[in-house]
């Protein structure tokens with residue numbers, strides 16, 4: 001961990017992202033780019049949160065990477081992985097029962113976005129207790145995934 005509470009991997013990712021946004025190569029980015037940069041690093045600040053950061057931190061002119069690191073250490077709040085998983089499962093759990101149908105999950109994970117191969121899904125679903133009704137309790141699955 002670095003002195004500001006960020007891991008070396010985080011600092012490295014932040015440096016890479018910062019350099020991408022430093023389009024003129026002067027080692028600085030504009031305060032107006034802070035939001036998109038934070039989002040590219042896994043944060044999800046609202047516009048009002050960004051305005052508050054810009055005001056509180058007195059960001060009236062372009063700032064350098066060290067200042068950016070300081071800002072990230074103070075203000076970057078990434079969504080925990082378990083919350084991301086839970087939110088994704090809740091989309092499938094329209095009645096709010098805590099369960100999702102394996103068939104629905106299979107369809108989505110093998111046909112949308114970064115598709116799993118059906119064989120990959122079959123391996124993945126072995127990690128979960130599937131009920132006789134063909135559904136899984138997603139909190140159990142999330143607990144297993146987070147523990148790995």
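Quick reminder: no glycine exception, Cβ is built from N, Cα and C everywhere.
Taken together, the residues in the domain 'EF-hand 1' (9-44) have a mean pLDDT of 90 on the 0 to 100 scale. According to Swiss-Prot, the feature domain 'EF-hand 1' maps to 9-44.
Feature annotation from Swiss-Prot assigns Ca(2+) binding site to 22, 24, 26, 28, 33; the stated evidence is sequence analysis. A sphere of 10 angstroms centred on the C-beta of residue 28 (Ca(2+) binding site) encloses 16 other C-beta atoms.
The list of residues near the domain 'EF-hand 2' (80-115) in space but at least 6 beyond its ends in sequence, with Cβ under 8 angstroms from a Cβ of it, reads 121, 124-125, 130-131, 134-139, 141-142, 145-146. Annotation source Swiss-Prot lists domain 'EF-hand 2' at 80-115.
According to Swiss-Prot, the domain 'EF-hand 3' annotation covers 116-148.
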Revision key, fill the gap. Within 10 A of the CB of residue 24 (Ca(2+) binding site), the number of other CB atoms across every chain shown is 8
Check your understanding: For the Ca(2+) site given as 22, 24, 26, 28, 33, which other residues of the same chain have their Cβ within 8 Å of the site's Cβ centre?
Key -> 21, 23, 25, 27, 29, 30, 62
Review point. What residues in the same chain, six or more past the boundaries of the domain 'EF-hand 3' (116-148), come closer than 8 Å to it by Cβ-Cβ distance?
Key: 81-82, 85-86, 89, 93, 98-103, 105-106, 109-110
Practice item. With an 8 Å cut-off on Cβ-Cβ distance and a minimum sequence separation of at least 6, pull the same-chain contacts of residue 26 (Ca(2+) binding site), or say none. Key: 62
